[in-house]
Amino acid sequence: GVGADSDLYINQAIVFIEDAIQYRSINHRVDSKSLWLYRWYYSRTCQWILSLTITVILALAFIEEPSSLTVTSDVRYRLPAWNPPCGLTESIELLCFLVFAVDVSVKSYLIGWKEFWKNKWLMAYILTLIVSLTDWIVSLSFFCKESVRVRRILRPFFLLQNSSMMKKTLKSINSTLPEMASVVLLLAVHLSLFTMFAMLLFARTKDNQQDKEWVVYFRNLPDSLTSLLVLLTTANNPDVMIPAYSKNRAYSIFFILFTVLGNLFLMNLLTAIIYNQFRGYLLKSVQSSLFRRRLGIRAAFEVLSSLKETPASAQQSCVSVGALLQVLQKVEMDSRCKQAIMRSLKMCSCDQLSAAQFQKLFEELDKDAIKQHPPSPEYQSYFMQKLQFAFGHPYFGYLGNVVALANIISICVVLVMDADKQPSERDDFFLGAINCFFILYYLLEMLLKILAMGLKRYLSYPSNRFDGLLTVILLILEIATFAVYGFPHPGWRPEFMGLLSLWDMVRLVNMLIVFRFLRIIPNMKFMALVVTTLLDLVKNLRAFAGILVVVFYAFAITGIMLFKGAVVPLGNTRYFNFLQGAQKNSKAEFTGSCVHISLWLTQEILYFKEKKVISWCSAHFQAGVIYCLLYVLSVHLICRWAKIYFVAWWLISSVIWVNLFVALLLENFIHKWDRRCQRESLSDIEYQRTVELMFRDVLEEPTEEELMEKLHQHPHLQLCR
C-alpha cells in the first residue's frame with residue numbers, strides 16, 4: 001500500500017508540474033486511472049488528432065455546395081465546381097462529431113460533475129454538438145438538398161473551445177466592449193448629425209442637372225446614412241463629394257469636417273481606448289495564468305511532501321531532492337528548463353527542499369528562452385587565423401550588403417531600359433552576365449563565412465540560413481539556365497525550351513535576388529527591432545489569429561448562404577434590361593440592371609480588348625457605361641437588409657479587430673523598446689518571448705495563503721495539512 005501511494009504521489013506531482021508548464025487548471029481528478037487518462041488526453045498524439053479533426057471539419061466548406069473552388073473566378077470561363085455526392089461530406093462530418101463527442105466526454109469526466117456545471121465552455125460544447133447533429137440528420141432526411149445548414153456556422157466554435165489562450169483573449173475582448181460602446185455611440189451620433197446636415201444641404205431642387213449629389217448619394221435617409229458610413233471608411237472618397245464639389249467648391253467644407261472629426265479624432269480615440277482597456281484585461285488574464293502556474297508547482301510540492309522520504313521530525317513540509325529528480329525524469333518539458341533545474345539541484349548542498357526553494361527552482365520556466373550560438377572553430381595556422389578574422393569581421397558582411405545593393409541597382413537599370421521593349425527585342429546578355437557575376441560572389445561569400453564561423457555557427461543565425469538558402473537556389477537556377485540555353489553572349493535570346501522560357505528563368509532569379517536584399521535587416525538595429533516585434537506577433541499570438549479565423553469563417557459561411565447565386569454568367573440582353581429600367585425611372589430595376597450590365601460590360605470589354613475590337617466601345621456609349629460603373633461602386637446597390645451584414649463585418653473586422661491588433665503590436669513594440677538597452681546585440685543572442693513574458697515585470701506573485709486556500713478548495717485532492 002505504501003508503494004502504491006508513493007507511485008500515486010509521484011504521478012500526481014508529474015501531472016501538476018505539466019499543468020503548471022502549460023498554464024492548465026489543476027481542478028481535475030487525481031486518482032491513478034484518471035491521471036493516466038489525463039496524460040493520454042494531453043499527449044501530442046491525441047492533441048494532434050484533435051487538431052486534425054478541427055482542420056478537416058473547417059475545410060469541408062471548400063468542397064460543399066455551394067462551393068466555388070475552381071481555378072478561375074471568372075463566371076464566363078469557370079467550370080462547374082465539383083459537387084461531392086450526398087453522404088460523402090456528411091460521413092466525414094459524422095466521424096468528426098464522434099471525435100468531438102469523445103473529446104467532450106473525456107473532459108467532462110476528468111473535471112468531475114460539480115466542476116462541469118461551472119464550466120460554461122463545456123456546456124456550450126455539448127449544445128453545439130447537439131445542434132450540429134440535429135442539423136446533420138435534417139440534411140440526410142432532405143437528401144442534402146436543404147438551402148440552409150446551421151452547423152456550418154457553428155464549426156468555428158470547435159476551434160475556439162480547443163485553445164485556452166483563445167478563450168482568454170475572447171474574454172478580454174468581451175470585457176473591453178462596454179468601454180468601446182461609448183465611443184461607438186459617439187461615432188453614431190456624429191454620423192447621424194452629419195446625415196441630417198447632408199440631407200438639408202443636398203436636398204432636391206428644380207434643376208435636375210444640379211441634383212446629381214441627391215440622386216446618387218443622399219436621396220433618402222438610408223442612402224444618406226450609408227454614403228457617410230462608407231465615407232467614414234474612405235472607400236468612396238472622393239467620389240461622394242465630386243458632384244457637389246463640381247457645383248460649388250464650398251461644399252467640400254462639409255466633407256472635410258466630417259472626415260476630420262470622424263477619422264482623425266473619433267477613430268483614433270477608439271484605438272486609444274481599445275489599447276488601454278484591452279491591455280488591462282489581457283494583463284488580468286496573464287496574471288491568472290501566473291497564478292495557475294504557481295498553484296500547479298505548489299500542488300506538486302504538497303503531494304511530494306507526503307512521501308515516506310520526508311523526515312517525520314521536520315517542522316515544515318519539505319521534499320527530498322531524489323523524489324524531485326525522479327519526477328523531473330518523467331515530466332514532459334522543455335529540455336533547456338529541465339537541464340537548468342537539474343543543474344540547480346546538483347549544486348544544492350541540502351537533501352531537502354522547502355516550499356520557497358521548490359518554487360524558486362521552477363522560476364526557470366518564467367525566464368526568456370536564450371539561444372546561444374556555437375563557438376567559432378579554432379585554427380592553428382596563422383594564415384587561417386587571419387582569414388578567419390577578415391571574413392568573420394562585420395565589415396565583410398557590410399561589403400556583402402553593398403554588393404547586394406549594387407545588384408539591385410543594376411537590375412533596376414535593366415528593367416527601366418527594357419520596360420517598353422517587346423520580348424523579341426530584348427537582349428538578355430547584360431542581365432544574364434551580371435546575374436552570373438553576382439551569384440558567384442554570393443556563393444564565394446557564403447563559403448568564406450562558413451570557413452570563418454564554422455558550419456554550425458553559420459547555420460545558427462537565421463539571417464545566414466536565409467542568405468545561404470537563397471544563394472543555393474540561385475546557383476541551381478543559374479546552372480539550369482546554362483544547361484538549357486548555354487552561356488550568355490550578345491544577342492542571347494534563345495527560343496522557349498523546357499518548363500520555363502529564358503525570360504521567365506531570368507525573372508525568377510531576379511525576384512530571388514531582390515528578396516535576398518532583406519539580409520540587411522539584422523545590420524540595422526532599429527529595423528531589426530521592428531522585424532523581431534512582428535515575428536514575435538506571428539509566433540506567439542496564435543490565439544489572436546485563431547479568433548480572426550473564427551470571425552472570417554463565420555462571416556464567409558453567412559455570406560455564402562445570403563448571396564448564393566448572386567453572380568451568374570450574363571448575356572447581351574442585360575444591356576436592354578438596363579436601358580428599359582433607366583427609361584422607366586424605376587430605381588430598383590435600374591439598380592439591379594446596372595449591377596448586371598456593369599459585370600457584363602467589364603467581362604465583355606476585357607474580351608474585346610483581347611480580340612482588338614476597340615471600336616466596339618464607342619465614345620458616346622462609354623459615358624453611360626462609366627456613370628453606371630460609378631453607380632455600381634456605391635453601397636446603394638446593396639439590399640437594405642444586406643447592409644446590416646456588411647456594416648457588422650466592418651465593425652468587427654476593421655473597427656474592433658484592427659484596433660486590437662494595433663494594441664497588441666504597440667504593447668509588444670514598447671516592451672522591446674524599453675528593454676533594448678538592457679540586452680546584448682540581437683546578432684549575438686536570440687531572446688524568444690511569449691505573451692506571458694511580455695507582462696512578467698508588472699505581474700504580482702501570489703501569496704502562500706492564497707495558494708493554500710485555493711489548494712484546500714480542490715474538489716478531488718485531499719491534503720495532509
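The backbone N, Cα and C atoms fix where each Cβ goes, and this holds for glycine too.
Confidence for the domain 'Ion transport' (53-278), expressed as mean pLDDT, is 86. Feature annotation from TrEMBL assigns domain 'Ion transport' to 53-278 (among others).
For 398-669 (among others), the entry in TrEMBL reads domain 'Ion transport'.
The transmembrane segment annotation in TrEMBL covers 45-63 (among others). Residues 69, 82, 84, 89, 92-93, 95-96, 99-100, 103, 152, 155-156, 158-159, 162, 553, 556-557, 560 of the same chain lie 6+ residues outside the transmembrane segment (45-63) yet bring a C-beta within less than 8 angstroms of a C-beta in it.
The feature transmembrane segment is assigned by TrEMBL to 92-110 (among others). Here the transmembrane segment (92-110) has Cβ contacts under 8 Å with residues 28-29, 34, 37-38, 41, 49-50, 53, 56-57, 60, 116, 122, 125-126, 129, 132-133, 136, 151, 158 of the same chain, all six or more residues outside its ends.
The transmembrane segment feature in TrEMBL is assigned to 122-143 (among others). Away from its own ends, the transmembrane segment (122-143) comes close to residues 86-87, 90, 93-94, 97, 100-101, 104, 107-108, 111, 116, 149-151, 154-155, 157-158, 161 of its chain (Cβ-Cβ under 8 Å, at least six residues beyond either end).
Annotation comment: TrEMBL describes 180-202 (among others) as transmembrane segment.
What TrEMBL records for 253-275 (among others) is transmembrane segment. Packing against the transmembrane segment (253-275) from elsewhere in the chain are residues 176, 179-180, 182-184, 186-187, 190-191, 194, 197-198, 201, 228, 231-232, 234, 237-238, 240-241, 244, 655-656, 659-660, 662-663, 666-667: each is 6 or more residues past its ends and has a CB under 8 Å from a CB in it.
According to TrEMBL, the transmembrane segment annotation covers 395-417 (among others).
Long-range neighbours of the transmembrane segment (429-448) within the same chain, counting only residues 6 or more positions beyond its ends whose Cβ lies under 8 Å from a Cβ of the stretch, are 387, 391, 396, 400, 403-404, 406-407, 410-411, 414, 467-468, 471, 474-475, 478, 481, 488-492, 506, 509-510, 513, 516. Residues or ranges marked as transmembrane segment by TrEMBL: 429-448 (among others).
The transmembrane segment feature in TrEMBL is assigned to 469-488 (among others).
According to TrEMBL, the feature transmembrane segment maps to 508-531 (among others).
The transmembrane segment annotation in TrEMBL covers 543-570 (among others).
The feature transmembrane segment is assigned by TrEMBL to 620-638 (among others).
The transmembrane segment feature in TrEMBL is assigned to 644-666 (among others).
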